[in-house]
Amino acid sequence: EKGMTGKMDPSNGLNRPMDIVPNTEEKMKDRGQWSNKLEFVLSVAGEIIGLGNVWRFPYLCYKNGGGAFFIPYLIFLATCGIPVFFLETALGQYTSEGGVTCWRKISPLFEGIGYATQVIVALLNIYYIIVLAWGIFYLSFSFSWNLPWSSCNNTWNTGVLIYKRRVLRISSGIDDIGKLHWDMALCLLLAWIMCYFCIWKGVKSTGKVVYFTATFPYVMLLILLIRGITLPGASRGIQFYLYPDLGRLVDPQVWMDAGTQIFFSYAICLGCLTALGSYNKYNNNCYRVVELQDQGQFVCVESLVTAVVDMYPSVFRRKNRRELLILAVAIFSFLMGLIMLTEGGMYVFQLFDYYAASGMCLLFVAIFETICIAWIYGVDRFYDNIEDMIGYRPGPYIKYCWLFLTPATCFGTFAFSLIKYTPLKYNNEYVYPWWGYTLGWLLALSSMVCIPLWVIYKMGTAKGTLRERFYELATPSPDLPKTRREQEKLQVVFAADEDSPHQRGAPTKDGYFPVHEKESHC
């Protein structure tokens, strides 16, 4: 920290630079911080190997032209993925706030962005962990001498049908929910127990867990890769999978799939990166993490819990209150997820996956995130904040992405997804009843309406003319960390007042000198 200004003043009791004071020590002690930079890097690196990449990306790559799919994927990565990834991480580090209160401090008018992200995360927590329950169910079979999918001597016949007839035991439709599979419910319970104990102590426990959870999957994938490429016919399989079909690039659906997959791959617009960044020290080089580029389920839960705790610190920053909140989230999500472990649960799961946390919702949030930072808060001001944190100014490319490329690309993809919308069909065969599609759209709108409804609510309850209301609500919170330039302006004002620091008295804990009122001669 000292290298940033070279000027320290112990009189404020913080051992922080006088001209840049991001937070009080009391608050940082209450919220907690990563023990070191490696814990944050591993937490973010774990996002890369989440289910969005291991489970979803290979399917989209094969579906959309093999190797040709990398062309739109990399374009969206450069114009949307990396810029928004950096924006959310830097925002969390600068404000030291969760996914809702960070936007409240940047611009009260756009606090609805935070609520939208947390609605998506809450829905994601309900259904995304179901995939982990399936994995645990398969793992339990692996401890038997004879793997059930290696023969046809089963009640569900061939090993190919084990997923449909043994794991899912699927019914004829969503209107035939059927009975609950208690063996799968136990797997889901085990998944939530592991998730709870990974984050129940906040970054103290999460920071230690990531040493294993962020590295072990890479080791396992490397082992599987080596095993895969040494199997007979591996070269033909790889060629069949990755051979580029450039003709698919003229299909707009390919570009839409690439754009939405970027958001799943890097957990963008979910508040996860903001939550992880908020536990960084103020001068951590968050830009370097972009150059690195889901810890999975527990990072999503951590994002939601961090947002709630920061919204109500007086309630949840007491002894054991945070642990009880995590327990409540886990129990609620577990109970809600049980419906997806019934005979008709797969149809409900598909509704959540297609609508609740769809690329359409994430693109909508990304549009307003970039508009708020670049045009309302001010892209140059945010660059000043980043320079204060990391010690240098990032290149101009990301700034122009925030201003133009990212919102334009996201809006174009979002508009196209509406124009080319096709109703969900399970396995491209089963057509949902009308109320099923209605439920799906309600899930999608539950997050997107948060942004416009919050703007309407704040503008309607504020006082003054329309212009005065907008100006007041677009103004950042005064307790945000001050940049060097802002502190220099304050020093000029103090110098003009011809007061010395000793005459003004000791600085406050926030690093400012008290201003005495002048005698009025009016």
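Every residue gets a Cβ built from N, Cα and C, even glycine.
In TrEMBL, the annotation transmembrane segment applies to 38-57, one of the ranges 38-57, 158-177. Proximity of the transmembrane segment (400-419) to the transmembrane segment (69-91) is established through 3 or more Cβ-Cβ distances under 8 Å for residue pairs spaced 6 or more apart.
Ranked by Cβ neighbours within 10 A across all protein chains shown, the binding-site residues N53, S265 are led by S265. Here the transmembrane segment (112-141) lies next to the transmembrane segment (439-457) in space: the count of CB pairs under 8 Å, restricted to residues six or more apart, reaches at least 3.
Across 211-234, 324-342, 354-379, 439-457, stretch 354-379 shows the highest tally of CB pairs under 8 A with the transmembrane segment (254-279).
Taking every listed stretch (180-199, 211-234, 324-342, 354-379, 439-457) in turn, the largest tally of C-beta pairs under 8 A with the transmembrane segment (69-91) is reached by 354-379.
Taking residue pairs at least 6 apart in sequence, the transmembrane segment (324-342) and the transmembrane segment (180-199) share three or more C-beta contacts under 8 angstroms.
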